[in-house]
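For reference, the structure is listed below as structure tokens.
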């Protein structure tokens, strides 16, 4: 990675504005999953141990530039304090006199969490005035919020124009793992692309076809490819306007010598419900009034074999409607194959795939789970991420 990190700069005695991603799921004011808070701990601990005055900033949810009481970060500050085993001060604003006074009170090794930055309309607009106000609080900017790196916001990109800007450890790890996968992968390199819609994965499929040895397709988006081969898909998810594109992807795979794997059998249901009637049918035998909601057992076995033979697997998107028990078997089989394959380095591309490995209790068996759904997707599309571009080069 050619970006400076906190290791490359002196932090002792400095006021460090550290953008983290504490956008955690909440229910009735309680945090239901603190993974994102834990992910930022190495950077925060490093700053504390090296005598920085730590100012943390994050968003939570989508308050749309207004104060939304249930999206305040008080519960986050409390949980962070428990994890760090030290008090974490919190302000009720993210800029202004109260914040300046709180920053002035910080000693070396102290931690202050600012209020939700998305309470300010200028955050998502990347307003230079707000970015300057953030920058005035500090001597150094650290971005450790890979999950928000694809957004050019005031606290992720704008602020970096006014302060020396470096990466935190989580940002560094994400860029190294994903960067190596795209630029210098161990082979055979397999990408597994699932999820509901082709349109969300066009850029990823297009970019990965230049790089992978095997491409595995599953989830709702698979049926547009099945239709492109001339098979009837019944009531399965179908994007009519993407059929030609699906054909062109299969052509491109052939030209590039990429092995393109699609379901050979599927689990179909007579309606979209966990207690629907289901059966397994061959891919060219989907009944006209049924819909395919998961990959079938033969496909699971086929995909498992490909995974076992791969040195690197990047997985983005589930194989079926894994939220429903009846249609979770395909996604679970992929997660288990990745967990069990001894020589396979597994990179889980955030979002639903990350949620799935968590759900099946296999998260600790994965080599790298990306903390950014949208960010990792855009990175795998080959796009430049504004929050990364803004950091200083080594």
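Keep in mind that glycine also has a Cβ here, set from the backbone N, Cα and C atoms.
Annotated substrate binding site per Swiss-Prot: 21, 22, 23, 36, 59, 60, 61, 62, 118, 151, in sequence order. Of all Cβ atoms in the shown protein chains, 20 besides its own fall within 10 Å of the Cβ of residue 23 (substrate binding site).
Among the features that Swiss-Prot reports, ATP binding site is placed at 201, 323, 350, 351, 352, 353, with the record citing sequence analysis. Mapped onto three states, the DSSP output places residue 351 (ATP binding site) in helix.
Taken from Swiss-Prot, the feature phosphoserine applies to 183. Other C-beta atoms found within 10 angstroms of the C-beta of residue 183 (phosphoserine) number 8, with every protein chain shown included.
Residue 299 (phosphothreonine) counts 25 other C-beta atoms within 10 Å of its own C-beta, drawing on all protein chains shown. Here Swiss-Prot flags 299 as phosphothreonine.
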Using a 10 Å radius around each Cβ and counting other Cβ atoms from all shown chains, which of the binding-site residues 21, 352 yields the largest count? 21
Note: in the chain of residue 61 (substrate binding site), residues six or more apart in sequence with C-beta under 8 angstroms of its C-beta are 23, 26, 68, 71, 116, 118
Long-range Cβ list for residue 59 (substrate binding site), cut-off under 8 Å, min separation 6+ in sequence, same chain only, gives 21, 22, 23, 116, 117, 118, 123, 148, 155
Beyond the listed site residues 21, 22, 23, 36, 59, 60, 61, 62, 118, 151, identify every same-chain residue whose Cβ lies within 8 Å of the center of their Cβ atoms for the substrate site. 58, 116, 147, 148
Students should find that the Cα atoms of residue 183 (phosphoserine) and residue 323 (ATP binding site) sit apart, in Å rounded to an integer, by 34
Could you give the maximum C-alpha to C-alpha distance in Å for the residues 21, 22, 23, 36, 59, 60, 61, 62, 118, 151 that bind substrate per the record? 18
